[in-house]
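Over in TrEMBL, the protein carries these features:
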type: COMPBIAS; residues: 406-429; note: compositional bias 'Polar residues'
type: COMPBIAS; residues: 451-463; note: compositional bias 'Pro residues'
type: COMPBIAS; residues: 464-475; note: compositional bias 'Low complexity'
type: REGION; residues: 395-475; note: region 'Disordered'
type: REPEAT; residues: 124-157; note: repeat 'TPR'
type: REPEAT; residues: 158-191; note: repeat 'TPR'
type: REPEAT; residues: 260-293; note: repeat 'TPR'
type: REPEAT; residues: 294-327; note: repeat 'TPR'
């Protein structure tokens, strides 16, 4: 602060001597004001510089940057385009234009500008922003290709390695995920995102104690992380320590009250503990934030059934069946409810829908079905005198599979976890350090202006994978 005051005093003296026409002094004054948070004042001064020296691209870049920081993205793109006319080989202009277009949701233009930036000069930050575009568009394969190129260019960048590992983890490609996350930890053993991801992989495969050991390390670095406490809670859930699970999940809920995945998990644990009123509370809250997920309605129907509210349970099952076209558990649970209500015709119809989904899954994958689901389905099929032709794949051997999560990303899996690691979104939103572009001489003096750095704000966050949870079913 003291240095800033001295600098401002020198600038004021210089401006008095030049009657306010020293462009460089105004430029530096504007930079200081922006660093102090006075964005609008800095914008006015940078615009003055642009008037004093119209052909200087540096002045226009600073005007555009101030406009961007004020949230005026469209105006910023217009000024950056004017700057591009003065200097068509400036990597920074192309990169920043791409960032502005991301905020304007003009992804095609953003990609063009970012590719132009990479053609002029390869930077980690440009690769990251380009990868984010593909994530926002839901194209994981293209995002992986971009991050692979980025890692080839910068093999020691732990943010890039972690991000690529998390993308492979989301796709269920565990070998490559482990490889990249391991490399990230080799270069930075304290990288909490990579540690969290490694822990979630172990948790996904049922190694709850090892995962908890990893999470203890992460807790020292980010003790207020909602996904961390969510995953710790689900580790305790997997170990059948339900009170500890609820305690951790409620802490996660306190830190992120609008996260539907945490609410889902709280509802699930309360269902397991047969605390149906509490389960109804949390599942209803989750549905408010995620109204298009059929499985939430199914769990809500289970809670309502046990609360002896059959009418609303049927409504919830109807909505679940309408929304969920892949999970046979929805139809199986609905069939059980209808059978218990004496509606064998409706139960038979739901059972047949379940059979269709099971056959479709058998054709499209080699997954094993949960033994408990197989048992319930066979008993119900015998009671309804249907299902004799349905041949199940070999059931999993683990009798505790009800509380186990798997890592497959297929939406059709019965053991489909609601994710295993929300660190992905955090890794996506962390910009890696980049090399500064060479500064250009500015103004009429021979002094060199401080360069305008590339923009690295956060675009809208890509859809994050849900957090660890298990499945449940009505008997």
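Keep in mind that glycine also has a Cβ here, set from the backbone N, Cα and C atoms.
In terms of DSSP secondary structure, the repeat 'TPR' (294-327) contains 27 helix, 0 strand, 7 coil. According to DSSP, the repeat 'TPR' (158-191) comprises 27 helix, 0 strand, 7 coil.
Confidence in the repeat 'TPR' (158-191), given as mean pLDDT, stands at 88. Secondary structure of the repeat 'TPR' (124-157) per DSSP, as helix, strand and coil residue counts: 27 helix, 0 strand, 7 coil.
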